[in-house]
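According to Swiss-Prot, the feature phosphoserine maps to S7. Annotation comment: Swiss-Prot describes 68-93, 634-660 as region 'Disordered'. Annotation comment: Swiss-Prot describes 68-80 as compositional bias 'Acidic residues'. Residues annotated as carbohydrate binding site in Swiss-Prot: R129, D179, R207. Per Swiss-Prot, disulfide bond is recorded for C254-C281, C269-C279, C421-C490, C562-C596. The Mn(2+) binding site annotation in Swiss-Prot covers D395, H500. If you look up Swiss-Prot, you'll see 473-481, 506-512, 600-605 marked as region 'Interaction with O-glycosylated substrate glycoprotein'.
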Amino acid sequence: MDDWKPSPLIKPFGARKKRSWYLTWKYKLTNQRALRRFCQTGAVLFLLVTVIVNIKLILDTRRAISEANEDPEPEQDYDEALGRLESPRRRGSSPRRVLDVEVYSSRSKVYVAVDGTTVLEDEAREQGRGIHVIVLNQATGHVMAKRVFDTYSPHEDEAMVLFLNMVAPGRVLICTVKDEGSFHLKDTAKALLRSLGSQAGPALGWRDTWAFVGRKGGPVLGEKHSKSPALSSWGDPVLLKTDVPLSSAEEAECHWADTELNRRRRRFCSKVEGYGSVCSCKDPTPIEFSPDPLPDNKVLNVPVAVIAGNRPNYLYRMLRSLLSAQGVSPQMITVFIDGYYEEPMDVVALFGLRGIQHTPISIKNARVSQHYKASLTATFNLFPEAKFAVVLEEDLDIAVDFFSFLSQSIHLLEEDDSLYCISAWNDQGYEHTAEDPALLYRVETMPGLGWVLRKSLYKEELEPKWPTPEKLWDWDMWMRMPEQRRGRECIIPDVSRSYHFGIVGLNMNGYFHEAYFKKHKFNTVPGVQLRNVDSLKKEAYEVEIHRLLSEAEVLDHSKDPCEDSFLPDTEGHTYVAFIRMETDDDFATWTQLAKCLHIWDLDVRGNHRGLWRLFRKKNHFLVVGVPASPYSVKKPPSVTPIFLEPPPKEEGAPGAAEQT
C-alpha cells in the first residue's frame with residue numbers, strides 16, 4: 001500500500017458542507033409567500049366576477065320593473081297567478097288547465113304518471129297481473145281510486161264491472177294491462193269497455209298490452225294497443241302520452257244540504273271514488289241506519305272488533321251490512337286497520353265510527369296474526385269491563401239477525417266451560433247442505449268468520465303464547481291446534497249468519513272462492529228464534545245426539561254415497577250413514593265423501609266426536625265414523641261401513657289451501 005498513488009484524473013475528496021439553517025428557512029418562507037400571493041390573487045378575481053354578475057342582475061331587474069310599469073296588468077288572485085306560471089301550452093286561448101298523462105303497459109311493468117308525478121308503478125314479479133284502473137278527479141287531477149283486477153282469474157271481471165259502474169260520470173279513467181288481462185274478461189266487461197268508448201279493450205286478446213285514457217260518459221282521450229304475435233309471447237310495450245283537459249270545480253261537486261251527515265259525505269266523495277250511489281248528487285244512499293232495536297239484547301254492550309287492512313271497498317260493503325243488523329250498537333264498534341292507509345280510514349269516518357291504525361309487524365301470514373293480536377288486546381283495553389268480544393273481518397256480509405243469534409246463545413259461553421267460542425259461520429253450510437236457520441250444532445273446529453271470544457280465554461291462555469312475529473303461522477290454524485283448543489268446542493248455526501264475499505286476500509283468489517265460498521247459504525230471515533238453545537250444553541247435547549240417532553233411518557249402504565239416489569226423495573226425514581274411520585284422525589273416507597258432496601274437503605271441519613250433521617234434499621243427514629266415534633254403537637250389525645278409496649297422490653302435488 002506504500003507505493004499507492006491517487007489518480008490525477010479524479011477530483012480530490014472533500015466532505016460536503018451542510019446548508020446553513022438560515023438558507024433552509026429562507027427557501028421555505030419564499031415558497032409560502034408565493035402560494036399566499038397566488039391565493040390572494042384568485043380571491044380578488046372571484047370577488048370581481050361576483051360583483052359584475054350582481055350588477056348585471058340588478059340592471060336586468062330594474063329594466064323588467066320599468067317595462068311592467070309601462071304596461072300594467074290588473075290585480076290577480078292566487079289561482080290566476082298560478083295559471084300565469086304554467087307552461088305556454090297551458091296558457092292558450094282556453095282558460096282550462098291541462099294534465100300531461102303517461103300510461104305504460106307491458107308484460108312485466110305498468111306505470112302511470114300525471115304531470116310528471118308517478119301515481120302508479122308496478123314491476124314486482126308475480127304480482128299485479130291484470131287490468132290496473134286509476135280514477136282522477138276531473139277538476140283537480142288528484143287520484144281518487146287505484147284498483148287492479150286480475151282478469152286472468154275468474155270473477156275479477158265482475159268486480160271490475162261493479163267498480164266502473166260505481167264511478168261517477170265525468171271522472172277521468174285510466175286503464176293499463178300488466179302481463180295478461182283477457183283470459184276471464186267476459187262479454188259483460190267487454191261491453192262496458194265499449195260503452196266507455198274503447199276500441200281495443202273489447203277486442204283485448206291473450207297477452208295483449210293496452211293503455212287507455214278517457215272520461216266516463218265523455219270522450220276517449222287516448223288509447224294504444226299491441227297484439228301478442230303468438231301464444232307464447234306478449235304484445236310489445238306501449239306508452240301512451242296524452243293531454244287531459246280539466247273541468248271546473250263546479251262541474252265536479254254535488255250540492256247537498258249542509259248537514260253533519262252531508263259534510264261527512266262531501267269530505268268522503270271529494271277524496272275517493274268507486275262507491276256508487278253514496279256519492280250520487282241527486283239521490284245519495286243513506287250513510288246512517290236505524291235498524292229496529294233488539295228486545296232484551298244480551299250483546300248490546302259487547303265490543304265489536306272489525307279486523308281490516310287495505311281493502312276499503314270490502315270494508316265499505318261490510319260496514320253497511322253490519323250497521324243494518326238489528327241490535328247493532330255503533331258506539332261499540334272499532335275498526336282496526338293494519339297500516340296507515342287513508343282510504344279505509346275515510347270509509348270509517350264516512351259512517352262516523354271509531355278507527356284505529358297501527359304499524360304493521362312482520363310479513364305475510366305472520367303480519368295478519370300480529371294484527372289480530374294487537375286488535376284483540378286493544379279491544380279489551382278500550383272496554384276493560386267487557387267479558388266478551390265479537391270479532392269480524394272486513395270481507396264479511398253480516399246477517400240481519402246476527403246480533404239476535406249472538407244474544408240468544410252467548411249465555412252458553414258463560415255457563416259451559418267445555419265451549420271454546422260461538423261462531424256465525426258453518427264450514428259445511430252450503431246452499432244444498434244447510435236448511436234450518438233455528439238449528440245449532442256443537443263442532444270441534446274453530447270456524448272464525450264472525451265469532452265471539454271470551455276475554456278470560458284470551459287474556460289467560462291465548463295472549464301469553466300467541467305466535468311471535470318471526471313465526472309465519474296462520475292465527476286461525478294455530479287456534480285450532482289441540483294445544484289451544486284443549487278439547488273444547490264451538491257453537492255454530494246450521495245456516496250461517498256471515499258470508500265470505502272477499503275474493504282477494506293473502507290465502508284467497510277467484511278459483512278458491514268459487515269452489516269453497518260462493519255457494520254458502522246465508523240467512524236473510526229477520527227475527528229467527530233459535531230452537532232448544534240449552535240443549536247445546538255438553539251433557540244435554542249428548543242426549544240430543546243419541547235421540548237423533550235412535551230415530552234416524554239407516555240408508556242403504558250398498559249404494560254409492562256420491563250418487564243422488566243415495567238419499568230418498570223425501571223431505572223432513574232424518575237419515576244416518578256409517579263410514580269407515582279406524583282412528584280419531586282417520587278421515588280418508590270422510591274427505592272423499594266431502595268431495596263428492598261438494599263441501600269443504602281440504603281438512604276436517606264441522607265434526608263432533610266423529611259425527612257430522614248436514615242436510616240433503618231437505619232431510620237431516622248424519623254421518624258417523626266407525627269404529628272411532630262413540631256413536632258407532634248405533635250401527636246395526638248387518639251394516640258394513642262405507643269405505644271410499646282416496647286417489648293416489650301425485651308426486652310434487654301442492655298441499656291443501658287453508659282458509660283464513
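Glycine too: its Cβ is placed from the backbone N, Cα and C atoms.
This view paints the features noted in Swiss-Prot onto the structure.
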residue: R129; record: carbohydrate binding site; Cβ contacts under 8 Å, 6 or more apart: D150, Y152, K178, D179, E180, G181
residue: R207; record: carbohydrate binding site; Cβ contacts under 8 Å, 6 or more apart: R107, D179, E180, S182, S228, L231, S233, W234, G235
residue: C269; record: disulfide bond; Cβ contacts under 8 Å, 6 or more apart: C254, Y275, V278, C279
residue: C281; record: disulfide bond; Cβ contacts under 8 Å, 6 or more apart: C254, H255, W256
residue: D395; record: Mn(2+) binding site; Cβ contacts under 8 Å, 6 or more apart: R311, Y314, M318, H500, F501, G502, G505
residue: C490; record: disulfide bond; Cβ contacts under 8 Å, 6 or more apart: L419, Y420, C421, I422, S423, R442, V443, T445, M446, P447, W451
residue: C562; record: disulfide bond; Cβ contacts under 8 Å, 6 or more apart: L593, C596, L597, L644
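DSSP assigns C596 (disulfide bond) to a helical segment in the three-state reduction. Other Cβ atoms within 10 Å of the Cβ of D179 (carbohydrate binding site), summed over all protein chains shown, number 20.
Those same-chain residues not listed among R129, D179, R207 yet with C-beta within 8 angstroms of the centroid of the carbohydrate site C-beta atoms are R107, G130, Y152, V177, K178, E180, G181, W234. When other Cβ atoms within 10 Å of the Cβ of C596 (disulfide bond) are tallied across all protein chains shown, the result is 14. For the region 'Interaction with O-glycosylated substrate glycoprotein' (473-481), the number of residues in each DSSP class (helix H, G, I; strand E, B; coil) is 5 helix, 0 strand, 4 coil. Of the listed recorded positions, namely C254, C279, C421, H500, the sparsest CB environment within 10 A is found at C254. Residue annotation for carbohydrate gives R129, D179, R207. The furthest Cα pair among them is separated by 11 Å. Residues in the region 'Interaction with O-glycosylated substrate glycoprotein' (506-512) partition by DSSP class (helix H, G, I; strand E, B; coil) as 3 helix, 1 strand, 3 coil.
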